[in-house]
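Lifted from TrEMBL, the feature list:
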type     : residues : note
DOMAIN   : 97-251   : domain 'Glycosyltransferase RgtA/B/C/D-like'
TRANSMEM : 119-137  : transmembrane segment
TRANSMEM : 162-185  : transmembrane segment
TRANSMEM : 197-230  : transmembrane segment
TRANSMEM : 242-263  : transmembrane segment
TRANSMEM : 283-313  : transmembrane segment
TRANSMEM : 325-345  : transmembrane segment
TRANSMEM : 357-375  : transmembrane segment
TRANSMEM : 387-408  : transmembrane segment
Amino acid sequence: MQGKNASRPSLLFVLAFAAALVVGLAFCIAKSGYFVDEIYSYGLSNSYYFPFLKSAYDDDITGKVIERDALLEYVQVDEGQQFTFDSVFYNQSKDVHPPLYYCVVHLVSSFLPGVFSKWIGLAINLVFFGLTLFFLYRLSRELFDDEAAAVMAMLAYGMSQACLSTLVLIRMYMLMSLLTVLLAYVVLRLHRSGKPAWYVALFAVAYCGMLTQYLFAFYLALLAAAYVAYLVLRRRELRRAGVFAVVVVVAGLAMLATFPAVFEQMTNVTDRFAPVEATPSLAYLVAVAFKYLALSCFVMCATSLVLVACVAWRMLRGHVAAREALRVDPLAWIIVVPAFAAYFLVRTVWGYHDERYTFSVIPLMALLVGMLVAWARGLGAFDRSRVLAPSCCALVALASLAMSVAVVPPNYMMPQDPERTAFAQEHASDPVLYFVSTYRDAAMTNDYEQLVEYGSICTVNADGPYDESLSLVKDYLARYPEGSPVVVYIQTYSTSPDPSVMLDWLSGSLGLDVSSLAYESDLSETYVLVSNQGKE
């Protein structure tokens with residue numbers, strides 16, 4: 001699609017875009033629980049000046065009886081507390097992330113006071129998902145001037161396990177992905193038009209990106225360095241390069257002025273879960289990065305390899321002058337290479353080696369598919385049939401979907417949660433004890449979806465001494481019918497005592513023996529205890 005119709009979306013795009021949205025919605029519907037950080041997303045956004053569960057108890061959640069209503073207050077906006085963005089900024093100042101995403105969650109939640117639902121976070125993500133796909137398509141379309149290339153790039157990303165994991169994870173990474181694609185798109189439009197309005201857009205996107213996730217700065221810095229170097233060394237446009245650099249720096253300074261807590265966060269980052277393990281070797285981290293890319297973007301990688309072979313074959317056959325056919329806008333390299341560099345830098349240099357920290361640059365890595373398709377078409381690879389390119393798009397979509405359903409499903413779907421929640425509902429009227437550390441409530445947050453099913457919870461300091469809580473526990477158990485089974489949660493941090501220590505105390509001091517180990521989670525174990533009174 002060329003000429004005057006180049007900016008008009010084709011039927012191929014409309015069908016591919018609709019298919020991606022339907023697939024994304026289907027996985028959102030199938031998502032059946034919450035990853036611990038997703039509970040933090042709601043709590044940090046909506047809890048009024050209480051960033052964590054422990055915050056409502058002077059940072060010591062042990063030795064308390066916590067009613068269900070108090071737990072619900074953590075994740076939902078209560079009447080009279082709508083649109084309190086000052087609370088969001090305060091909560092984030094105590095966390096490790098900037099506040100923009102949490103402001104968005106709070107904004108939507110404010111229209112639904114008293115509601116806690118996965119659809120608040122997923123609806124937000126679906127909007128960002130659709131916008132990310134659209135601007136990725138537009139970016140690829142304008143870079144390569146090829147409709148099939150643009151649609152293939154969009155599908156290679158939009159149907160991938162990495163993209164669907166980003167979508168179903170109720171965190172800031174879908175917004176971050178959108179802003180990363182927007183940044184590249186704005187730089188392209190700015191380069192081609194030079195209009196002042198695009199400098200304003202550059203400032204806005206850079207500012208919002210850094211106010212969403214600090215790791216946005218990796219790609220921003222690499223892209224800015226590559227583009228400025230191109231302007232200075234190849235174009236000799238020193239003034240334009242200077243203005244671009246100033247806008248990016250001013251955006252960073254504006255972010256710091258908006259959220260000065262960044263200084264404390266960057267100098268005092270602590271892990272809420274467990275001590276950071278020893279850093280693996282660089283070779284190991286690089287291998288893991290390649291492995292994740294191959295699994296989470298299998299079809300994107302496989303398609304790229306097939307297209308590389310196709311391009312090489314056409315060049316060897318000498319069908320078209322290769323130099324002309326392989327010509328590409330320099331901005332394509334300026335956008336794509338920093339994306340790959342940021343991916344491997346974050347996976348190897350950043351202290352926390354988790355795939356979600358690289359989610360945002362993967363859509364730009366998918367541009368490589370578009371580039372290869374454009375090259376293959378330039379070499380005449382799709383000339384024999386008008387339906388070959390659309391058929392390849394459909395094949396990419398179906399193969400990606402098959403991988404995401406049958407081989408490598410998206411992360412954060414939480415398929416184990418319904419069974420655990422059903423267990424909690426079965427014991428909703430029974431007493432619940434939770435052994436948790438004084439200053440670390442991540443285990444309780446991880447079990448939040450189950451804990452809100454109970455009427456109340458009595459917390460005990462997992463680090464002891466347990467006898468200090470004995471009278472509290474006895475009074476709490478006395479509220480329930482004699483002989484009621486007791487549900488016991490025990491956090492299992494590496495620094496915590498072995499669960500057997502707490503179970504022995506319950507047996508010796510309260511006459512409660514283990515009936516069953518209900519289940520184990522990442523941060524805790526859940527038991528059912530019954531009275532041993534009267535047993536021989």
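Glycine residues also receive a Cβ, built from the backbone N, Cα and C atoms like all the rest.
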Intrachain neighbours beyond the transmembrane segment (162-185), with Cβ under 8 angstroms and 6 or more residues off its ends: 23-24, 27-28, 31, 34-35, 37-38, 41-42, 97, 100-102, 104, 118, 121-122, 124-126, 128-129, 131-132, 135-136, 138-139, 202, 205-206, 208-209, 212-213, 215-216, 219-220, 223, 296-297, 335, 355-356, 359-364, 404, 410-413
Beyond the flanks of the transmembrane segment (119-137) by at least 6 residues, Cβ under 8 Å: 9, 13, 17, 20-21, 24-25, 28, 31, 38, 41-42, 104-105, 108-109, 112, 150-151, 153-154, 157-158, 163, 166-170, 174-175, 177-178, 181-182, 185, 363-364, 366-367
Averaged pLDDT score, the domain 'Glycosyltransferase RgtA/B/C/D-like' (97-251): 96
Same-chain residues near the transmembrane segment (387-408), Cβ under 8 Å, at least 6 residues beyond its ends: 12, 16, 19-20, 23, 27, 148, 151-152, 155-156, 159-161, 164, 295-296, 298-300, 302-303, 373, 377
